[in-house]
Amino acid sequence: TRSLTITSVDQPMFEKAQGEKVTLPCTFELSEEDEGPLDIEWVLIPADNQKKEQIIIMYSVDKIYSHYYAALNGRMQFTNLDPRSGDGSLDILNLKAADTGTYQCKVKKAPGVQSRKIQLTVLVKPARTKCSIEGSQEIGKDVTLKCVSQEGSPLLSYDWRRVSGTQNLPTTSMLNKNTGELLLKNASQENSGIYNCVASNRVGTDECSVELNVTPPINTAGIITGAIIGTLLGLSVLCSIIFCFCKKHRDKKYEKEVHHDIREDVPPPKSRSSTARSYIGSNRSSLGSMSPSNMEGYTKTPYSQVPSEDFERTPAQNPTFASSKVAAPNLSRMGAVPVMIPAQSKDGSIV
């Protein structure tokens, strides 16, 4: 007997890029003999045959059920909101690499039953491609330009081209499209310029650029000599600073020691008042009994024997002697040297 048939074009494989949308076709025609309820199921067949099929969306008894597969929740729907029209195709939005797998569409309307499998492959476009230079950029050296994409599904292919000047690569260059390495042997200044790398796979491309600057060899001997001279100069300056600092510290320490030094071998100075009193006390007896008859004995005593330090004070500094009104005898007539005669105050002390 004649039953329903799936009429969509047989396209068993789909390749899409991550983030894109895909429509998995599943159109059908019903037969007059198919009188049972219409059921449409989309299932995911796991790569491991030991696992069961997973229903992802279903239309049954005029209702849509799409809560069976959490990984696709919110990202899948029937292309036609009324699958009874003969279109049970499935839309998957914002594809992810994990969506890769085998999907099967099953259409049931008793007694007819039909199904079709579709292989979906979600590819990742090349992204975050980086260019770099490996090796010395000196004349006569071998230089390698590298190109690597951090993201991208295999198989990735790399292609280099020169942007500045002629776009032709140097004749001495060697390109590996699988690894993205461009080897420039015996580089010359004519090889300098900007190079561009394009990474590609079946779903997209990405690119990066790098500038090559081939220069003459560096004067290594001059650099080493300059470094040595600079180091010696720096050490000499450092030594000078340290020497000045130590000398200054030594001078300060010496000044401090001299300032606080106490000379133990020098006796302390005598008190002026005690000296004068001692001198006066030693001669008090003789002065007290002085008379014109015995003044001759004192004429031989020079006036200079009296300690000068005892009489250095001015009248203002020695009020005791200034206030004394004791009159000394006129010794000039006797030919004697005048001397100071101590007087006795009212309280009996010698002034």
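FYI, residue positions are counted from 1 along the chain as it appears here.
Glycine too: its Cβ is placed from the backbone N, Cα and C atoms.
Heads up, TrEMBL stuff is auto-annotated, nobody curated it.
As written in TrEMBL, here are the features:
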type	residues	note
COMPBIAS	271-307	compositional bias 'Polar residues'
DOMAIN	18-121	domain 'Ig-like'
DOMAIN	126-215	domain 'Ig-like'
REGION	260-317	region 'Disordered'
TRANSMEM	223-246	transmembrane segment
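With DSSP states grouped into helix (H, G, I), strand (E, B) and coil, the domain 'Ig-like' (18-121) comes out at 9 helix, 49 strand, 46 coil. Under DSSP, residues within the domain 'Ig-like' (126-215) fall into helix, strand and coil as 3 helix, 51 strand, 36 coil.
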